[in-house]
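Everything below concerns the one structure shown next.
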Amino acid sequence: MASSSHLPYAQRAQKHPHPLGRRLFEIADRKKTNVVLSADLTNTKELLAIADRLGPHIAVLKTHIDIVSDFGPATVEGLTELALRHDFLLFEDRKFIDIGNTVQKQYKGGALRIHEWAHIVNATILPGEGIIQALDQTIREGGICERGILILAEMTSKGSLAVGEYTRISVEIARKYPQSVLGFVSTRELSSHSPAATQDEDFVVFTTGVNMSSKGDALGQQYQTPITAIEGGSDFLIAGRGIYAATDPVSAVKEYRKAGWEAYERRVQQVGSASR
Ligand code: S5P
């Protein structure tokens, strides 16, 4: 079964089954970028400043909103305004992991009210299918069509247990929730080789652990490059310290953008010429 990862973003934008998937691919195509900035900054001022500076070069801004020490309405209003101004989506890297009933409260309410402002969230299937069922229900009942879930199907950290059967079942569960599950956070494309893959399914692959100058950190993080990620079927490259901690984050984001975009163009062209 051919994977959708060989199609141009513009084509995927036209036929993606999910409205948020369509918007995501439209943004990538319009801005010519597949970079997701992992903006792991710890106060509102720094977070908004980096979102404003790098916003023109990214498709998605990924947050860990619970590490923002002065989180409040100004954080959300600022992010929402910048997302509109610079044309990017907001992805809260919440990694939900609990029973469905708890997760619904964490998603909709509490201090963070994630559902109100984050277009994308992620969740692990470790608790079983109920967690995805719960998030799916909140999305469908919430009446905002531009909300989606990425299933955390693999992890980049050394010794990760998110492998094998866990990863396989992540794909199986994703297929059951087309109205809310957009795809995966994973190191590579996962779904096209499974016997249950269908011609028109199009899971979006977000790949974290991307860095152009480091192989990892002292706490188990393991990196690959933009090129290996895209060659492995990734659609969007999540990079954090490689960009925001660089001496010149604007030059860094441009480098990641160029590397990611050129690798994507090669992937699409290769298949185009093979089928001619
Ligand atoms: O497997 C994973 C999944 C995620 S979402 N490995 C990860 O590193 N992440 C997140 O990606 C992590 O929480 C952090 O926000 C980002 C990687 O940051 P970097 O500074 O190492 O690029």
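Each residue, glycine too, has its Cβ placed from N, Cα and C.
Keep in mind that what you see is a predicted model, and the values were worked out from it rather than measured.
Of the residues proposed, K62, K176, K254, K258, the one TrEMBL records at the same substrate site as D40, T156, Q221, G240, R241 is K62. The recorded positions near ligand 1, defined by a Cβ under 6 Å from one of its atoms, are D40, T156, Q221, G240, chosen from D40, K95, T156, Q221, G240.
The Cβ centroid of D40, K62, T156, Q221, G240, R241 marks the substrate site; residues of that chain outside this set whose Cβ lies within 8 Å of it are S38, T208, G209, I238, A239, given in sequence order. Here G240 (substrate binding site) comes close to L37, S38, A39, D40: these same-chain residues lie at least six apart in sequence, with C-beta atoms under 8 angstroms from its C-beta. Across the domain 'Orotidine 5'-phosphate decarboxylase' (34-256), the model assigns an average pLDDT of 97. Within 10 Å of the Cα of T156 (substrate binding site), not one of the active-site residues from the list D93, K95, D98 places its own Cα.
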